[in-house]
């Protein structure tokens, strides 16, 4: 570890991923290169003195939740910004803001933080897949004199080294031909169970229902079946390729937001706008036959159905949707449960692609991806 002064870490968002991140951070053996100085939930803020013995990792690990819940300070990102800016500009401290929320309003503050020299680490996809102007503002703020660094490995594949691999490929001069993968743990589970390459199988609605019971889907399954989560991840990867300084002129279309991705939703038109997940599941069986027909067509060809995302640099297209793959393809043979699998087709990795595979969702692996980014700044 570095012998420099510890990095000061402010955490916004203490839900499932946020709580796991804090636990992992506070489990780093002493002397840790990281000092926790602030915790902000949706309602409260806990300010910590990094030099106080009461802020030591062993003590905080057991007490931070109770300390935060009893704090009298309201959640105030403006005050937090002022404090962190002072630490950077006047005290010459190195500061990291970790955003563990999925909030648009928090993401909108990234350019402000970066311009002040505050590093930003997050699994929040909103800033990197939303309006293109925010993305441009982030790049400009980070590249300005004294600007902070932004790291967002966990926005694609949770703890899997997807973004870092892409940046290393580009940084070492490789050319991306195509990236394709099963980017959604929810879609992975559903189609691993629904389409095996054999004739017949469970009803589509039944598989979606089980996925919801296991916690793989959002409370409203339509939020997964619309494909937007995959579209966001593809937008993030596409923008990295297009903006990389050593990358050749990109043929990829300019994505104004994730909604610019060609996304084939799996929501039957008759079920668009159903207000509750329960009603959606109750009406989904009426559409099982159309999904069964797709499965039957695929199995007759010796193929399986998989919901994939593709960044086709050579073809100039970014798309997400249901596609057929041979039963011998890694998307058919290598996946289990809710795993992600991503294939990088490049000039160097051709004709056999570089493959990254593993758990692409869950609090523990997502928090690991976030903490890994934090440690890159040490």
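Each residue, glycine too, has its Cβ placed from N, Cα and C.
The DSSP breakdown of the domain 'Aspartate/homoserine dehydrogenase NAD-binding' (13-147) into helical (H, G, I), extended (E, B) and coil residues amounts to 65 helix, 21 strand, 49 coil. If you look up TrEMBL, you'll see 13-147 marked as domain 'Aspartate/homoserine dehydrogenase NAD-binding'.
What TrEMBL lists as NADP(+) binding site is 13, 14, 15, 16, 17, 18. Residue density at residue 16 (NADP(+) binding site): 14 other Cβ atoms are found within 10 A of its Cβ, drawing on all protein chains shown.
Marked as NADPH binding site by TrEMBL: 101, 125.
What TrEMBL records for 161-375 is domain 'Homoserine dehydrogenase catalytic'.
What TrEMBL records for 218 is L-homoserine binding site.
Within its own chain, residue 233 (active site, proton donor) has 125, 129, 155, 156, 157, 183, 309 as residues 6 or more apart in sequence whose C-beta sits under 8 angstroms from its own. Positions annotated as active site, proton donor by TrEMBL: 233.
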(message) What's the number of neighbouring CB atoms sitting within 10 A of the CB on residue 101 (NADPH binding site)?
(response) 22
(request) Measure from the CA atom of residue 101 (NADPH binding site) to the CA atom of residue 13 (NADP(+) binding site) and give the result in Å, rounded to a whole number. (result) 5
(message) Measuring Cα to Cα, how far is residue 18 (NADP(+) binding site) from residue 101 (NADPH binding site) in Å?
(response) 8
(request) Take the domain 'Homoserine dehydrogenase catalytic' (161-375) and average the pLDDT across it for me. (result) 94
(request) List the other residues in this chain whose Cβ sits within 8 Å of the Cβ centroid of the NADP(+) site residues 13, 14, 15, 16, 17, 18, in sequence order. (result) 19, 20, 21, 100, 101, 363
